[in-house]
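Visitor: Pulled these features from TrEMBL for this protein:
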DOMAIN    1-368  domain 'Major facilitator superfamily (MFS) profile'
TRANSMEM  23-50  transmembrane segment
TRANSMEM  57-75  transmembrane segment
TRANSMEM  87-108  transmembrane segment
TRANSMEM  115-133  transmembrane segment
TRANSMEM  145-165  transmembrane segment
TRANSMEM  199-219  transmembrane segment
TRANSMEM  239-260  transmembrane segment
TRANSMEM  272-292  transmembrane segment
TRANSMEM  298-320  transmembrane segment
TRANSMEM  332-350  transmembrane segment
Amino acid sequence: YQTNRDKCLLDEDCSWDYSATSVYYQILAGPAFIVTFAISSLLTGLLLSLYTLKRTLLLSICALTWSVLTGLSGFCNQYWELLLTRIGLGIFQAACTPLAGSIMSDIFEEKNRGVALGFYSWGVYFGYGLAFASDFIIKSYGWRWGFWSASILSTIVSFLSLLTVREPIRRNDKNNGRLLKKKPYFKILKQVLKSYMQLPLLLLCIGAGLRQGGGLVWAYNAKAYFRKLHCDTTGVGTYLSWVPVVGGTVGVFAGGMISDGLVRRLGTRSRLIVLVTCCFLAAPFLFGTLYLSPPWAFLSLLFSYITGEMWFGVAIAVAMEMVPHEIASSGLALYLFVINIIGGNINLVLPSLQTLTSLQTAMAILFP
């Protein structure tokens, strides 16, 4: 019995069958990152509502700290060390979306906000594709260089952000950098919670949380799934390096443009039509991804990204537009908190479902 892959491959009596779907892996992928991410995003949003802070500077600092922690992950030798770096990554990555969302809400008007947030969401798919593209680095130089290369790239982007992104003029800003005396912390929190008592917003959070959970189950287990069911002869890393980028890019931009067009004609709540429609359209392609053999499975995955990933930027736009503008940051933070608490822990169910059924059936239950 070996826990080291390289040592196992040198032993002719040892067979390496680790599939990266264990509870320990799911904890690293899910709660260790997502729970701290959710809590940190909520606190960041509340701070942005309490203070008039220089958001572009904070965004660059958080991105740079994230880069450092990513680099430190490459030096880990024990499980608990990697667990700590994952917790830190969750804390500092969480600040990015409330900060970026707040900045974009001041730059773009409501009629163009869907496309803008879609462009921002594109970064998720680009980064996801880069993670699989890093297989080439890992195979040549080892897994530690996977973290170090990401750290170097993100450090460069952090400094570029600091040097190029300018603080926009705030809409309805009368605070001049001071604490909001007329709206102390508990009143802002009360206003945010009151906004979230609206049934449409509650349903949006629950639905987005479940959709987020399905997406995370797939994101963290896709490679293990294809390798277990179709062996390692399908070019998994190659397909997964470009399919999410192409499909996700088309999906988020299409979702933003369609929802912005509907908003101009039918009003803000018409974005919900896009959310519901894209989820129904994506379902057959998601099942096709799981039950077809490569390369048809990857073709189905491409169309599932095109139709299914319209939801992300559109949902953020809806969440921001259904709360008063002065608490948009806090409203977005609470939205992220709820969907990540719901969705970020769904992958913990995967090992038990896999034991009771099979990996394919478990993924079919949790993913589409």
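Glycine is treated like the rest: Cβ placed from N, Cα and C.
Quick caveat, the model's predicted, so the values are computed rather than measured.
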Visitor: What mean pLDDT score does the domain 'Major facilitator superfamily (MFS) profile' (1-368) have in the model?
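Guide: Mean pLDDT, the domain 'Major facilitator superfamily (MFS) profile' (1-368): 79.
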Visitor: Using Cβ atoms and a strict cutoff of less than 8 Å, what residues sit near the transmembrane segment (87-108) while being 6 or more residues removed from its termini?
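Guide: Contacts of the transmembrane segment (87-108) (Cβ under 8 Å, skipping residues fewer than 6 from its ends): 32-41, 44-45, 48, 55-56, 58-59, 62-63, 65-66, 69-70, 73, 116-117, 120, 165, 167-171, 316, 320, 325, 328-329, 332-333, 336.
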Visitor: When only pairs 6 or more apart in sequence are counted, do the transmembrane segment (239-260) and the transmembrane segment (332-350) reach 3 or more Cβ pairs under 8 Å?
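Guide: These two segments do not touch.
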Visitor: Taking contact to mean three or more C-beta pairs under 8 angstroms, with sequence separation of 6 or more, is the transmembrane segment (199-219) in contact with the transmembrane segment (145-165)?
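Guide: When sequence-distant Cβ pairs are counted, the transmembrane segment (145-165) does not touch the transmembrane segment (199-219), since fewer than 3 lie under 8 Å.
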Visitor: Ranking 57-75, 145-165, 272-292, 298-320, 332-350 by Cβ pairs under 8 Å to the transmembrane segment (115-133), which is first?
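Guide: If we count Cβ pairs closer than 8 Å to the transmembrane segment (115-133), 298-320 scores highest.
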Visitor: Counting only residues 6+ away from its ends, which parts of the chain sit with a Cβ under 8 Å from the transmembrane segment (145-165)?
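Guide: Answer is 56-57, 59-60, 63-64, 66-68, 70-71, 73-74, 103, 130-131, 134, 137-138.
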